[in-house]
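The ATP binding site annotation in TrEMBL covers 14, 15, 16, 22, 23, 150, 151, 152, 191, 199, 200, 201, 202, 203. Taken from TrEMBL, the feature motif ''HIGH' region' covers 15-23. Taken from TrEMBL, the feature L-tryptophan binding site covers 138. The motif ''KMSKS' region' feature in TrEMBL is assigned to 199-203.
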Ligand code: ATP
Ligand code: MG
């Protein structure tokens, strides 16, 4: 449970679509473990979704599904604060203050900004540009030090640390600690898409992304379509990226002896990619199906989901209010 002596952890996932294997291994898997050891704040980042989804008619369904998927993966609302970003109004206030110390030149050079404007040239809104500022507000609002995220978020964390240092330098007060990206392994994770182009993603590459909600046959179909070739012709050849990716996916869900067998086959030039993909597909089905079924059941229980949201918002707001008081004082907004 929440305790003053434990490190504070914060992370979020946008309700922009179905959660996928990358969200699980880059983020959720760590969340589930961290809730046992730390003071954790995990949110469904609905305000962040507004930067790319101007149409909000599906937002409610998306939020309940993403929340249900969090719970199905093993998050316990009694062990962590699990909440919706928009329920914590203090976020918007801190976002405003941080906007005063965020430099536009740096924001314009952010990789995710450049990627997103390529995808939506007709809607290059200021929210998209200041996405890393809002993300820093989410984290700093709880004075979190550890941020479990995938590799794609590394640059945003660097920016958040920059804001902390700039805030402390400008206003003093040492309100915020520097936050760092966190993963239990040694490196941050990037789960590649099945077509070998980029990462699995909620809003891109949908046919090359394995969703936690995919039916068994869909999983099989997607895995069988993954790019391969006719196999190596020389023993111990380095693997091309798209083959490396298949091995990487196998390492996430398959047994060590299975992986070892295919490694040996590869090095001996006897590998049959069809067999490898069939094996991978079955292991993926075994991994994903129980999460999918659990999430479907939880999503039907709207009373329970409402209770979870209210409970989470209360915890998150208590923490946010304490931080905002210190923040206003540090800036000098306390006039009486
Ligand atoms: P979108 O396409 O809408 O940006 P997304 O799939 O990138 O969706 P986010 O909500 O942006 O998901 O990110 C949620 C968390 O999942 C972050 O911690 C992010 O680093 C992690 N994540 C997303 N994709 C991957 C991936 N392919 N591998 C590892 N981690 C990932
Ligand atoms: Mg993303």
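Our numbering is plain: 1 for the first residue shown, then up by one each step along the chain.
Note that Cβ sites are derived from N, Cα and C of the backbone, with glycine treated the same way.
Within the chain carrying the motif ''HIGH' region' (15-23), a Cβ under 8 angstroms from the stretch's Cβ atoms is held by residues 44-46, 49, 52-53, 59, 62-63, 65-66, 69, 150, 189-191, 199-203, 206, 209-214, 249, 252, 284, 288, all 6 or more beyond its ends. Sequence-distant neighbours of the motif ''KMSKS' region' (199-203) (same chain, 6+ residues past either end, Cβ-Cβ under 8 Å): 14, 16-23, 52, 119, 150, 152, 190-193, 209-210. Residue 191 (ATP binding site) sits 24 Å from residue 138 (L-tryptophan binding site), taking the CA atoms of both as reference points. Annotated pair residue 14 (ATP binding site) and the residue listed as 'L-tryptophan binding site', C-alpha to C-alpha distance, rounded: 12 Å.
Among the binding-site residues 14, 23, 138, the residues whose Cβ lies under 6 Å from any atom of ligand 1 are, in sequence order, 14, 23. Within the same chain, residues at least 6 positions away in sequence whose Cβ sits under 8 Å from that of residue 138 (L-tryptophan binding site) are 10, 12, 43, 45, 85, 91. Secondary structure of the motif ''KMSKS' region' (199-203), assigned with DSSP and counted as helix (H, G, I), strand (E, B) and coil, comes to 0 helix, 1 strand, 4 coil. Largest Cα to Cα distance within the recorded ATP binders 14, 15, 16, 22, 23, 150, 151, 152, 191, 199, 200, 201, 202, 203: about 19 Å as a whole number. Per-class residue totals from DSSP over the motif ''HIGH' region' (15-23), listed helix then strand then coil: 3 helix, 1 strand, 5 coil. In the structure shown, the C-beta of 200 has more C-beta neighbours within 10 angstroms than that of any other entry among the binding-site residues 191, 200. For the binding-site residues 16, 23, counting C-beta atoms within 10 A of each C-beta gives the highest total at 23. For residue 151 (ATP binding site), the same-chain residues lying six or more positions away in sequence with a CB closer than 8 A to its CB are 26, 187, 188, 189, 190.
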